[in-house]
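Annotated features, as they stand in TrEMBL:
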TRANSMEM  20-47  transmembrane segment
TRANSMEM  67-88  transmembrane segment
TRANSMEM  95-112  transmembrane segment
TRANSMEM  171-191  transmembrane segment
TRANSMEM  197-218  transmembrane segment
Amino acid sequence: MVGSSARRLRLRRVRGRVGLGLVAGLSVLAGMTDAIGFLATGDFVSFMSGNTTRLAVSLGEGDLGGMARLAIALASFVAGNALGVILARFSGRRAAPILVCCAMLLALSAVWPFDWNVPALVAAIIAMGMLNAVVEQVNGLPIGLTYVTGALSRFGRGFGRWLLGERRNGWRVQLVPWSGMCIGAVLGALLEQRLGLAAMAASAALAALLALAALVIPRPWQMDYMAR
């Protein structure tokens, strides 16, 4: 009985580490894509809080063109999240099919040949929305991939409880998606300076690599990372 409990505990720890490794990679992808999209088009690809504020400002200023563009961005992100959940359900809650679709959408964004870049932006935003379906929790801890406001909030509340003497585990892991997004954004900025919107090809390549990595993660673990 003791040996069985110890094995379960070890498996839980390994599952958590693998999950956080996947979260780190996905957050790097999100940060890279957001930075490339923002620098190349002036619009956020995964930061919908920012786009919501910009939409409200455009409304207040009477900027109909900006309102339409940002409304399309927000709707695309919602649609991407919905598509991610649907694809996860029909694929048996496997991460690889979602990531392959993300890679294809990002590749489309990278090779978009026309000056009017809204379709390229929409493709990247849908990909970022879909990405959120890959990991929603790790060992019961909620995780955000393409947004870090919640992660920083959970980290701050956990730090406050720690200062009060509470020793709950888990709040430190919220720095993983935040750090990953920061690193990814730096990489994305460097790539965009050289390649422009075509730097989305690097995001597509990273999504494809993450899809390959997901193939070796045990399916029960993948199912645990996704919401039921």
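Every residue gets a Cβ built from N, Cα and C, even glycine.
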>> Counting CB pairs under 8 Å, which listed stretch among 20-47, 171-191, 197-218 touches the transmembrane segment (95-112) the most?
In response: 197-218
> In the same chain, who gets a Cβ under 8 Å from the transmembrane segment (20-47) while lying at least 6 residues past its ends?
Replying inline: 69-70, 73, 77, 95, 102, 106, 117, 120-121, 124-125, 127-128, 131, 134-135, 138, 143, 145-148, 173, 176-189, 191-193, 196-197, 199-200, 202-203, 206-207, 210, 213-214, 217, 225
> What same-chain residues lie close to the transmembrane segment (171-191): Cβ under 8 Å, and 6 or more beyond its ends?
Replying inline: 20, 23-36, 39, 138, 141, 143-145, 148, 151-152, 154-155, 157-159, 161-162, 199, 202-203
